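Asker: Mind looking over this structure? Questions follow.
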Amino acid sequence: MLNIRKNHSLMKIINNSFIDLPTPSNISSWWNFGSLLGLCLITQIITGLFLAMHYTSDTLTAFSSVTHICRDVNYGWLIRYLHANGASMFFMCLFLHIGRGIYYGSYLFKETWNMGIILLITTMATAFMGYVLPWGQMSFWGATVITNLLSAIPYIGTDLVQWIWGSFSVDKATLTRFFAFHFILPFMIVALTMVHLLFLHETGSNNPTGIISESDKIPFHPYYTMKDILGMISLLLILMTLTLFSPDLLGDPDNYTPANPLNTPPHIKPEWYFLFAYAILRSIPNKLGGVLALLMSILILFFMPLLHTSKQRSMIFRPLSQCTFWLLTSDLLILTWIGSQPVEDPYIIIGQLASILYFLIILFLMPVMGLIENSMFKW
């Protein structure tokens, strides 16, 4: 009798991706975040679908519809807060996943890495548009400030902004199209994730040592399925704890005030996961310069494979590179903190120094440390 798992057209793909997939025997818990991101994505799509059933994308009723979801819909409050905090968990896993990739040299799988950055950008766009939908003060002013950045583009900037707005200001047309894009983009993310996995399975997974592990592979199931399930349970536990005990911990109180174009909040800021990029944007006094720095803060990741100078792949045996990596991590935490602070001294100068250091570490310090370590390995 034929084994359906190995011979059926559809089951064969699933089998080769999640069951019989040859996996390095020594990958640590840092490799769990890929599956956790998958779980976050599924959770977001399901909760988002139920929210979309009750939400209305109209400036007059959007805020009221979110209130209605929380008050009148059965477990609407739970679905809404799972969706909001699920986004935070999504980005936490994303940042840890990218950090793992940098530390262990996974970026040398160029196609997988580039696909991952495209996924990051798409996810950031989706999250930004989702933040606009409740139509609170921070939603409205966040949308106004961020979309207005496009006006820094020479010649076509103003026309481009009005084209995105669908009006002469952030209004009903903007909210409707943001809702449409926020609904469709997660399905694009699912498709891009499949391409990401396709490229990954072409090369096989990296491992902590960065050494080729062709001779030491084990099947993905049951070893890593069990390990992933443990990670998933832990993630869901953290998410449920956050949602049930402190649902507004990571949100902004200003978003509980309905959007008012005549009243600007004292301090406009995005969600915590965008604060590092927002701090880099604000650190440059010139508008176009700030926008370019903001773009480069993400696009610089595309250059990681080109900036790799070390003869070793992973940082596990490279103490100098480890120091620069943790310096980068600390710098990103400082930028995140600065992004949440008002634009006044000493925050301005700290933000400028942290922004310079961010680019300096990636473009200069990391490649130089790789070269120094290469010379140190010569006996």
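Positions of Cβ are set from backbone N, Cα and C atoms, glycine also.
Since this is a predicted model, take the numbers as computed values, not measurements.
Per Swiss-Prot, the features are:
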BINDING   HIS83, HIS182  heme b b562 binding site
BINDING   HIS97, HIS196  heme b b566 binding site
BINDING   HIS201  ubiquinone binding site
TRANSMEM  33-53  transmembrane segment
TRANSMEM  77-98  transmembrane segment
TRANSMEM  113-133  transmembrane segment
TRANSMEM  178-198  transmembrane segment
TRANSMEM  226-246  transmembrane segment
TRANSMEM  288-308  transmembrane segment
TRANSMEM  320-340  transmembrane segment
TRANSMEM  347-367  transmembrane segment
Asker: By a Cβ-Cβ criterion of under 8 Å, what residues six or more beyond either terminus of the transmembrane segment (33-53) are in contact with it?
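Answerer: That would be 69, 79-80, 82-83, 86-87, 89-90, 93-94, 96-97, 100, 182-183, 186-187, 189-190, 193, 228, 231-232, 235-236, 239.
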Asker: Do the transmembrane segment (113-133) and the transmembrane segment (288-308) come close, with at least three CB pairs under 8 A (pairs 6 or more apart in sequence)?
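Answerer: By the criterion, they touch.
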Asker: Does the residue listed as 'ubiquinone binding site' have same-chain partners at least 6 apart in sequence with Cβ under 8 Å from its own Cβ, and which are they?
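Answerer: The list for the residue listed as 'ubiquinone binding site' reads ASN16, SER17, LEU21, given in order along the sequence.
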Asker: Do we see three or more Cβ pairs under 8 Å linking the transmembrane segment (226-246) and the transmembrane segment (347-367), pairs being at least 6 apart in sequence?
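Answerer: Output no: the transmembrane segment (226-246) is apart from the transmembrane segment (347-367).
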Asker: In the same chain, who gets a Cβ under 8 Å from the transmembrane segment (288-308) while lying at least 6 residues past its ends?
Answerer: 98, 102, 105, 107-108, 110, 113-114, 117, 120-121, 124, 149-150, 152-154, 276-278, 280-282, 355, 358-359, 362-363, 366-367, 370
Asker: Between HIS97 (heme b b566 binding site) and HIS83 (heme b b562 binding site), how far is it from one CA atom to the other, in Å?
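Answerer: Here the two Cα atoms are 21 Å apart.
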Asker: In whole Å, how far is HIS182 (heme b b562 binding site) from HIS196 (heme b b566 binding site) when you measure between their Cα atoms?
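Answerer: About 21 Å separate the Cα atoms of these two residues.
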